[in-house]
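Trainee: According to TrEMBL, the protein carries these features:
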- 8-165: domain 'TQO small subunit DoxD' (DOMAIN)
- 68-89: transmembrane segment (TRANSMEM)
- 96-117: transmembrane segment (TRANSMEM)
- 123-146: transmembrane segment (TRANSMEM)
- 232-332: domain 'Thiosulphate:quinone oxidoreductase small subunit DoxA' (DOMAIN)
Amino acid sequence: MVLSLGLLSVRVIQGLICWGGGSRRFIYGTQKINPHSAHWMANKFQTAMPGALLGLEHVISFMLQHFWLLYAGIIIFSAAELFVGAFLMIGLFTRISAFISMIFSVLLMLMFGWQGATCIDEWTMAACNLAMGATIFLCGSPHYAVDNILLRKNPSWEKSWLFRWCGGSLSAPLGDSGYKKLALWTLLFVVVFDIGTYSHYRGSVVTWFHSGPVSPTKHHISLDSGVLNPDGSVSFHAYLNAGTPEAPVNIMDAWLINSQGEKVAHWDTRMLSAIPAANFHNDYDYNKFKPALYGIEGEVGAKATITLPATAEPQKDEMPLTLRLVDSRGAEFSITLKEKTE
């Protein structure tokens with residue numbers, strides 16, 4: 001039992017990490033749960049979309065379009081973090097709290113694990129927290145814990161299957177063989193999940209290092225539904241589906257190019273900055289595409305239908321046309337336009 005004192009640092013810091021997430025929103029930085037604040041958690045949530053795994057991109061999108069579900073989800077998740085963190089730090093219902101912290105780690109890995117421009121910070125945190133949570137779940141933490149006080153006041157709980165699974169004062173209600181199987185299956189899950197996601201995000205396991213299927217550093221804009229309207233304006237749908245959430249992308253030039261490669265129309269930075277806000281129909285109310293000082297600005301996860309005003313006479317005779325967007329770093333994003341008839 002004395003050796004289990006070594007688990008105290010793991011339990012307390014795992015609890016502090018969870019507590020920190022919840023307390024920042026409820027106590028120290030309440031603007032994070034204020035829908036009218038620029039720091040509202042929905043903005044951070046939206047940045048997870050491009051690299052989210054196992055279809056969570058669609059779940060996030062659905063929540064972003066249904067405020068009541070989004071707000072309830074953020075409040076419930078934050079409250080769960082707050083209580084799980086507090087319970088782990090004081091050793092209350094230690095084993096079940098550790099298991100819930102493992103669920104947090106899996107969810108955060110699947111949503112945010114792709115982010116981290118220099119050393120995949122989000123993967124590192126989720127991977128370590130999953131292993132720490134698994135350790136406390138398997139071993140409990142019987143020292144300096146409220147679970148001990150509960151057990152002293154209720155000695156009959158020593159034989160309770162429920163208390164043994166929830167608390168950390170006693171071993172799990174399994175024989176040696178059953179515990180060994182649980183420990184090894186847990187090890188297998190943690191190792192496969194952590195190494196598998198690392199390989200997916202950065203390689204360096206059975207393949208060479210790579211920047212991931214979704215880059216956390218270079219912005220990328222996916223374009224679809226490009227249309228040349230009868231009045232010469234151009235409409236298209238854009239999705240900023242890669243890049244760092246720490247800085248927006250700025251589209252500073254837009255060109256129309258005919259099949260001979262000739263540039264037949266141009267919107268420069270000044271013209272893009274002057275586009276009316278009404279020409280931007282964003283899919284979500286949080287991270288958006290919008291006119292800004294340096295052309296069109298977009299934040300990671302933003303989706304919008306954008307209309308560029310006509311620059312000259314309609315270009316119907318030049319069809320097929322390609323719309324080419326150029327950002328501040330010189331990256332180009334193109335789409336072939338279809339002609340829209342009245």
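Glycine residues also receive a Cβ, built from the backbone N, Cα and C atoms like all the rest.
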Trainee: Compute the average pLDDT of the predicted model within the domain 'TQO small subunit DoxD' (8-165).
Mentor: 95
Trainee: What residues elsewhere in the chain lie close to the transmembrane segment (96-117), defined as a C-beta under 8 angstroms and at least 6 residues from its ends?
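Mentor: 11, 14-15, 18, 47-48, 50-54, 56, 60, 80-81, 84, 87-88, 123-127, 129-130, 132-137, 165-166, 168, 193, 197, 201, 212-214, 216-217, 244-246.
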Trainee: Please spell out the DSSP helix, strand and coil residue counts for the domain 'Thiosulphate:quinone oxidoreductase small subunit DoxA' (232-332).
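Mentor: Per-class counts: 11 helix, 45 strand, 45 coil.
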